[in-house]
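K.L.:
OK, Swiss-Prot features for this one:
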{"type": "ACT_SITE", "residues": "H29", "note": "active site, nucleophile"}
{"type": "ACT_SITE", "residues": "D276", "note": "active site, proton donor"}
{"type": "DISULFID", "residues": "C133-C369", "note": "disulfide bond"}
{"type": "CARBOHYD", "residues": "N37", "note": "N-linked glycosylation site"}
{"type": "CARBOHYD", "residues": "N145", "note": "N-linked glycosylation site"}
{"type": "CARBOHYD", "residues": "N380", "note": "N-linked glycosylation site"}
{"type": "SIGNAL", "residues": "1-18", "note": "signal peptide"}
{"type": "TOPO_DOM", "residues": "19-388", "note": "topological domain 'Extracellular'"}
{"type": "TRANSMEM", "residues": "389-409", "note": "transmembrane segment"}
Amino acid sequence: MRVLFYVFPFVIFALSQAQLISVHVIFRHGARAPVLNVTSEEAKSYFYRGLGQLTDVCIEQAKLIGKVLKDRYVNTFVDARMLPTQLLFRSSPVERCLMTIQTVGNTMFVNSTPPVQTVAKPDDFLLVPKLDCAFQIDEWTNFFNLTENDKKQAKKNPWFISEKALRRATAASQTLQQRSDENLPALILEKDAGLAVPSWFNEEAYKESLTVFYKALAVMSSVGEYKSSKGIRVKTGLLLDKILNDIQEKVRCHEKNQKGHISCDRHKLQVFSTHDLLILPFLDALGIREAALGEDLPPKFLSAIIIETMLLDDIPFVKVFYRGDPRDITLRDMTGLVRNCPPNQALCPVNLFTSCCGEFITADPRRECYEEKADQQLHNWTMTTVSWILIGISAFLLIILIIMSYLAVRYKNRSVVTIKKVCLEN
């Protein structure tokens with residue numbers, strides 16, 4: 001106890017002397033309406049923006065995390081005048097993610113809104129979890145013994161598999177066993193919003209529904225009992241790869257910048273707005289999913305992961321924080337729980353942190369996701385090229401053969417004429 005008494009002030013003092021060089025913030029969008037349906041007219045009126053869209057509560061949630069980030073980083077780390085070169089605000093193209101990050105940015109910088117970058121959904125492998133990868137059908141077949149008809153449905157609509165996982169988890173629940181036909185995801189959101197729900201959906205049923213709902217998310221995000229390293233890699237591997245490379249690049253820049261001749265400020269604060277299906281595998285890759293969320297629980301709205309990189313006596317370290325509740329103004333320090341980081345330590349050396357997640361990193365998730373299609377396209381292209389080459393060679397040889405045949409016939413005819421001429425002269 002006495003050791004802790006002396007060590008703790010030392011850690012606080014050391015951190016106060018540290019130079020922050022980069023920050024990455026990854027959060028789930030704020031509170032939204034159910035995606036598929038609501039269960040009452042009251043709910044329909046409450047979620048007036050439409051299915052899957054943000055609620056008014058989300059706006060307040062986004063403002064709160066914006067204030068948390070402003071108090072922590074604006075003025076002390078980035079310029080309060082909002083210099084776009086210092087920032088990267090990147091969002092999934094889905095409206096709820098875009099609206100969330102825009103509100104966060106508006107709160108952080110009062111006079112100017114940071115530009116938000118995004119790309120079309122089919123091309124976004126950074127923040128949109130891919131669910132239509134060919135290999136996933138094989139994994140799901142192993143989990144659920146899919147029939148050929150099931151496979152066809154899963155290819156058309158991957159959420160068909162999520163429904164299977166939801167029903168399996170519901171059937172295994174003593175509380176919800178008879179409720180497999182109920183719209184549990186909608187009831188969870190409606191209860192959270194303070195709306196009227198059926199009497200059977202009491203606190204016990206609500207808590208059990210969170211676990212059941214997590215199981216439906218787990219199969220789609222490749223974690224928990226449905227864990228797949230390749231599945232995690234195609235969903236969150238590119239974001240991990242980007243963040244780890246960014247951290248290493250910032251460290252190298254500051255090592256070169258001992259005399260202050262170059263600037264290392266570009267994109268030193270990066271903020272990403274995404275989905276629960278990416279937050280889950282991201283936490284799993286870091287090795288902190290259960291520590292952050294609890295056992296078999298989904299991430300809440302506007303839950304956030306914050307990764308700070310700093311120099312302490314010119315030595316680079318990382319700290320990892322998690323914000324689990326949309327009402328939280330404090331951050332939980334998860335640094336000592338991250339894979340490869342020294343346990344129970346306040347700081348993680350950069351070289352250990354950046355080696356945390358090798359099996360979950362990819363620079364080309366498109367290739368891994370659509371591997372068979374890509375190989376098939378490459379195969380088709382190669383075959384077509386070879387075919388044209390063979391046709392060209394054949395045509396060339398045919399022309400040569402025709403020319404040689406013509407010359408042979410001409411030579412033969414000339415020989416015959418010569419012989420006849422000789423015979424006549426004799």
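Every residue, even glycine, has its Cβ placed from backbone N, Cα and C.
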K.L.:
Considering only the recorded positions H29, C133, N145, D276, C369, which fall within 10 Å of N37 (N-linked glycosylation site) when distances are taken between Cα atoms?
P.N.:
none
K.L.:
Please give me the recorded positions out of C133, N145, C369 that lie within 10 Å of the residue listed as 'active site, proton donor', comparing Cα atoms only.
P.N.:
none
K.L.:
What is the number of other Cβ atoms found within 10 Å of the Cβ of H29 (active site, nucleophile)?
P.N.:
25
K.L.:
List only the single closest residue to N145 (N-linked glycosylation site), chosen from the recorded positions H29, C133, C369 by CA-CA distance.
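P.N.:
Answer for the nearest of the recorded positions: C133.
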K.L.:
Between the Cα atoms of H29 (active site, nucleophile) and C133 (disulfide bond), what distance do you get, rounded to the nearest Å?
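P.N.:
Approximately 24 Å lies between the Cα of H29 (active site, nucleophile) and that of C133 (disulfide bond).
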K.L.:
Taking every protein chain shown into account, which of the glycosylation sites N37, N145 has the largest tally of Cβ atoms within 10 Å of its Cβ?
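P.N.:
Max Cβ neighbours within 10 Å, all protein chains included: N37.
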K.L.:
Limited to the topological domain 'Extracellular' (19-388), I'd like the whole-number average of pLDDT.
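P.N.:
Mean per-residue confidence for the topological domain 'Extracellular' (19-388): 93 out of 100.
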